Amino acid sequence: MRIEPLIQGVVARSAHPYGCHASIKEQIEYVKKAPKIKSGPKRVLIIGASSGFGLAARIALTFGGAEADTIGVSFERGPSEKGVGSAGWYNNIFFKQEATHAGRTAINIVGDAFSDSVRNEVIEAIETYFEGEVDLVIYSLAAGVRPKPHSDTFWRSVIKPIGESVTGASILLENDQWVETTLEPATEEEAEATIKVMGGEDWESWIDTLINTESVAQGCKTIAFSYMGPEVTHPIYLDGTLGRAKIDLHQTSHALNLKLANFDGGAYATVCKALVTKASVFIPALSPYLLALYRVMKEKGTHERCIEQMQRLFTTKLYDQPKVPVDGERLIRIDDLELDPQTQAEVSHLLEQMNTENFKECGDYQGFKDEFMKLNGFNFDDVDYSQDISLETLASLKP
């Protein structure tokens, strides 16, 4: 069968396995040429390792100088009668192939990161492959739901404003349409559920588990990813349910920092730049900002994807420095290039002009959509998309 791109709204319903491999190789090539991580960690656990920042961090730490061995946890779908499976499934497979070829250990654990069974599997893998200890734990889950303990019910996250409704534009990638949407404010219950799913509680629970099983090495660090953004994004992001969850994550980093101080380690929330990811295209009213930001940062030569952000994080912030540089709230900031005042002034100017008629010319819509397609293995020049791929071949690939 031939695998074609299939998009519903802002959700990709297909992924191209060999395109996913091309994406992995492209990111590996970038970090091999970039400034090297000199004093990085050797044994890394990534919770949420199959796409976005988690995957980019895994690639950077393995191929960008640190030569790390990794255990990656993710919840992904393999091939079946229903379809070829998710991009993350193939990212896991081809990352492992490349890492193994380079002489590195790469263990993939596919399952629900909130479950006890997956935690037990991770502890066992740390014992087996890492001599019982990890040097770095990266928490990069982008889940929409979290099971309630000892129950059949779930907490569900929502992307909504708090207090008052917000009107803004979303862009449906399926048909390249600009759609005005109004989001009603979240209820208190919805805001609390979003904190449960996307806040710091599960991150802290993972670190507690690792401490209690004596799986934390001397000097062990942990990071989780956050976003704050400029004022124009605050109504839907920082002042909304997502922002509440991220503030909870920031507070958790301080509690974990105290716990890891016993091991001469540390915990940090890392504030990243706005990017096209599987998660970010879901956020209403963020798309026009991304189009304007991509255009301005590319024109200035400061644009970064996940992989550039992660390589810079490990070489200039988390490692290779006498001390981890943080802001007044003890956050690592790699959103500095995005929030440059001149960049933001130019972005604001574009947003004032942007509308349903001109968004493709006014912003970098082509770059925005291209990046989305590449998340799912499409739009790579060196991949033959006309080739037939059998489900049996795909089923033989194991993460």
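Just so it is clear, glycine is given a Cβ too, placed from its N, Cα and C backbone atoms.
Listed in Swiss-Prot:
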- TYR237: active site, proton donor (ACT_SITE)
- 48-53, 75-76, 112-113, 141-142, LYS246, 275-277: NAD(+) binding site (BINDING)
- TYR227: substrate binding site (BINDING)
- GLU76: site 'Plays an important role in discriminating NADH against NADPH' (SITE)
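Taken residue by residue with DSSP, the residue listed as 'active site, proton donor' is part of neither helix nor strand, so it is coil. Nearest neighbour of ASP112 (NAD(+) binding site) by Cα distance, taken over the recorded positions GLU76, TYR227, TYR237: GLU76. Under a cutoff of 8 A between CB atoms, and with a sequence separation of 6+ in the same chain, the neighbours of VAL276 (NAD(+) binding site) are LEU290, PHE368, GLU371, PHE372, LEU375. Sequence-distant neighbours of GLU76 (site 'Plays an important role in discriminating NADH against NADPH') (same chain, 6+ apart, CB under 8 A from its CB) are SER50, GLY85, SER86, GLY88, TRP89, ASN92, VAL110, PRO399.
For the pair PHE75 (NAD(+) binding site) and the residue listed as 'active site, proton donor', the C-alpha distance works out to 25 angstrom.
You'll find the Cα of TYR227 (substrate binding site) roughly 7 Å from the Cα of LYS246 (NAD(+) binding site). Other Cβ atoms within 10 Å of the Cβ of the residue listed as 'active site, proton donor' number 24 in total over all chains.
For the residue listed as 'substrate binding site', the count of additional Cβ atoms within 10 Å of its Cβ stands at 22 [all protein chains shown].
Counting only same-chain residues six or more apart in sequence, the Cβ atoms lying under 8 angstroms from the Cβ of GLY48 (NAD(+) binding site) belong to GLY54, VAL73, SER74, ALA113, ILE138, TYR139, SER140, LEU141, ALA142. Within the same chain, residues at least six positions away from GLY52 (NAD(+) binding site) with a Cβ under 8 Å of its Cβ are SER140, ALA142, LEU275, THR277, LYS278, ALA279, CYS306.
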